[in-house]
Amino acid sequence: MSILQSLWMIFASASFAAMAAFVKLSSEEGASLGAIIFTRGLPSVILIWLWVMLDRQHRSFRTPRLKSHLARSIFGVMSIWCGFYAYAHLPLATAASLNYTTTLFITFWTLLTTVVARSALQVLAVCLGFMGVLVVLRPSINAQDWWAIVVGLFAGLSATGAVLTVKRLGQAGEPVWRTVFYFSVSVTVIGLVAFLFSNNYIADLNAGFYLLGTGVFGLLGQLGLTRSFSYGATVLTATLQYTAIIFSALLSLWLWDTEIDLLSWLGMLVIILSGGLCAYATKR
């Protein structure tokens, strides 16, 4: 995996961390879940459509891989809905930790299904990174939360299906922008239906601005993630997803004055070390 593909994943992680901050700000301003999901997809649809219209001779929405796009969209939408459900019904740290089980699922699936030898260092790096996530977030689990925990795990599992489908589309030569476009269309349609049934329309300019930020940074993150998983080493790319925790912690410090204690800084250091270790193991 080239350094460029690693940088794409780090860029995606930073963008998704910013998107999550805008989601939280939107929610604090009273935006409904349907509105958040709708605006998560709409800017991507509009901007990519305009970009394609500027050069219709060389760009087209037509694809011979419609079934793969449909599968990617189904997995992605399920992941978003289940993930938001977990965030709504579990402590933030617990829901976020469940979200990052995706990296573990991807690694184990890769180990089981590929003939490429995986070193013990790669597996160690993935597990070490997840331990770093747990140290930073320190999730708590209550017996009555079992259903929300199952849903949160299903979000991670669904995201795994989405990522692996993205990888397959990239290997088949499908352009990054087209993969992001079809996924964004499905998110926008589902979000619009939920938004219209919520009877919670946006009247606050602050909420509108935060929702726009959600969509723009969601687009940037999706482009970076799709590019990285399409052309990069799967396990290393998955491990670099953990860096989103670092960006989220720094944004929380800036926007909400959330204290970052020594243990959290150590956890972030572990996450950085896990990325370096996995990169070293991949290059060997």
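Note that the numbers count up from 1, one per residue, in the order the chain is shown.
Backbone N, Cα and C define each Cβ position, glycine as well.
Feature annotation from TrEMBL assigns signal peptide to 1-20.
Summarising model confidence by region, the domain 'EamA' (7-137) averages a pLDDT of 86. The domain 'EamA' annotation in TrEMBL covers 7-137.
Look at TrEMBL and you will find 30-52 (among others) tagged as transmembrane segment. Long-range Cβ contacts of the transmembrane segment (30-52) within its own chain (Cβ-Cβ under 8 Å, at least 6 residues beyond either end) map to 19, 23, 59-61, 80-81, 84, 88, 177, 180-181, 183-188, 190-198, 200, 202, 204, 207, 210-212, 214-216, 218-219, 222.
Here the transmembrane segment (73-92) has Cβ contacts under 8 Å with residues 33, 36-37, 40, 98-99, 139-140, 145, 148-149, 151-152, 154-156, 158-159, 161-162, 165, 182-183, 185-187, 190 of the same chain, all six or more residues outside its ends. Residues annotated as transmembrane segment in TrEMBL: 73-92 (among others).
Look at TrEMBL and you will find 123-141 (among others) tagged as transmembrane segment. A Cβ distance under 8 Å defines the sequence-distant neighbours of the transmembrane segment (123-141), meaning residues of its chain 6+ beyond its ends; these are 91, 93-94, 96-98, 100-101, 103-104, 107, 111, 149, 235, 238-239, 242, 245-246, 249, 263-264, 266-271, 273-275, 277-278, 281.
Cβ atoms under 8 Å from those of the transmembrane segment (147-167) belong to residues 68, 71-72, 75-76, 78-83, 85-86, 89-90, 94-95, 98-102, 104-106, 109, 141, 179, 183, 225-226, 229-230, 234, 238 of the same chain, restricted to positions at least 6 beyond its ends. Taken from TrEMBL, the feature transmembrane segment covers 147-167 (among others).
The transmembrane segment feature in TrEMBL is assigned to 179-197 (among others).
The transmembrane segment annotation in TrEMBL covers 209-226 (among others).
When Cβ-Cβ distances below 8 Å are used as the criterion, the transmembrane segment (233-256) is approached by residues 1, 5-6, 9-10, 12-14, 16-18, 20-21, 25, 96, 100, 102-103, 106-107, 110, 118, 122, 125-126, 129-130, 132-133, 136-137, 163, 167, 264, 267-268, 271-272, 274-275, 278-279, 282 of the same chain, each at least six residues removed from its ends. Among the features that TrEMBL reports, transmembrane segment is placed at 233-256 (among others).
What TrEMBL records for 262-282 (among others) is transmembrane segment. Counting residues 6+ beyond its ends, the transmembrane segment (262-282) has Cβ neighbours under 8 Å at 1, 6, 119, 121-122, 124-126, 128-129, 131-136, 138, 233, 235-236, 239-240, 242-243, 245-246, 249 in the same chain.
Long-range contacts of the transmembrane segment (179-197) within the same chain: residues 32-42, 44-45, 48-49, 52, 61, 63, 69, 72-74, 76-77, 80-81, 162, 166, 169-170, 219, 222-223, 226, 230, each at least 6 residues beyond the stretch ends and with a Cβ under 8 Å from a Cβ of the stretch.
In terms of DSSP helix, strand and coil, the domain 'EamA' (7-137) has 106 helix, 0 strand, 25 coil.
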